[in-house]
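Enquirer: What follows is a structure written as structure tokens; I'll ask about it next.
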């Protein structure tokens with residue numbers, strides 16, 4: 001039977017269309033991994049990341065939310081299968097250029113702009129120098145955000161071997177992070193358990209000891225420092241061989257940037273070169289932090305034993321922002337205007353997410369499932385107004401009722 005408009009979701013302050021209103025009430029800490037909760041099954045979550053499998057199991061299998069008939073879960077699986085079939089038809093009819101070529105070209109253009117950026121910094125005049133800073137800043141974020149994100153999902157190539165090479169290049173060499181932990185935290189946890197409390201609920205982005213203005217406008221400047229420090233702390237969780245490889249790649253990437261500033265851009269001191277590194281690497285750090293919290297936090301959250309099926313989980317817990325030329329280029333469509341599509345089909349490239357967007361949005365709306373969209377400015381106002389509720393207190397758990 002079709003879902004009724006008002007019966008899809010009931011939450012303190014949650015509307016049927018997925019938009020947030022009212023005041024959520026704290027539910028305790030909820031952020032740490034629950035005691036005895038197993039990590040996601042690697043084989044199933046990797047299959048989900050590479051293809052379009054249903055959501056990964058938790059423990060022995062999916063648990064249907066309390067009060068929801070078993071046939072409702074079967075209907076959700078049927079909806080996901082039907083949407084997957086529609087999307088697969090589009091993918092199969094698309095050329096290699098549409099599937100991978102467009103995004104590879106953007107990354108290649110960014111690499112080709114690097115010499116121009118470093119040479120502009122040689123100028124003693126303000127305008128060419130600022131052009132160099134802007135060029136290197138945009139290139140850095142294109143490689144580290146768009147490149148790393150696509151590489152973590154193996155969306156740049158259909159070859160697993162080349163996918164591993166690109167992941168090491170973009171994640172470790174360019175971004176100064178470790179592939180294994182980036183893949184585990186993002187692909188297996190965040191995508192496997194989107195908005196599930198203690199697993200994929202984006203709580204790692206919360207710093208409750210900071211006030212709203214420091215977090216939203218000052219703290220992002222520390223991203224270039226924090227990223228390699230966090231990576232170093234996570235190396236104890238990977239094999240020695242992988243840790244050594246990561247250390248070498250991180251050092252090589254950072255040192256090459258520093259060396260080029262001294263010997264190509266002509267900086268006279270180490271401090272001036274390091275300051276320029278900080279400036280370019282934090283140029284788009286503010287939207288980077290904002291985008292990561294805007295698109296999940298403040299939307300419905302679920303307990304591990306009460307999460308809905310995959311299509312409903314992603315339609316409820318993910319939000320799209322409007323298209324933006326700068327952010328589309330630097331971060332990619334899958335992180336900006338096609339985030340819902342990306343969470344439903346994570347192995348697709350940015351360009352393919354954009355291509356299937358009309359199909360996904362029309363299908364979800366037709367089936368009376370939420371398709372969350374909001375503007376950057378509106379989300380920024382929301383987080384500034386309700387920072388304590390959204391970023392300090394633990395989120396309430398969504399209750400699913402009335403699904404027939």
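Every residue, even glycine, has its Cβ placed from backbone N, Cα and C.
In TrEMBL, annotation is done automatically, which means it is predicted and not curated.
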Enquirer: When you get a sec, could you say which of 242-260, 261-279, 280-298 is annotated transmembrane segment by TrEMBL?
Expert: 242-260
Enquirer: So which range, 167-189, 190-212, 213-235, gets flagged transmembrane segment in TrEMBL?
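Expert: Among 167-189, 190-212, 213-235, the range TrEMBL annotates as transmembrane segment is 213-235.
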Enquirer: Hey, which bits of the same chain come close to the transmembrane segment (242-260), Cβ under 8 Å, at least six residues off its ends?
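Expert: For the transmembrane segment (242-260), the list is 118, 168, 172-180, 228, 231, 235-236, 270, 273-274, 277.
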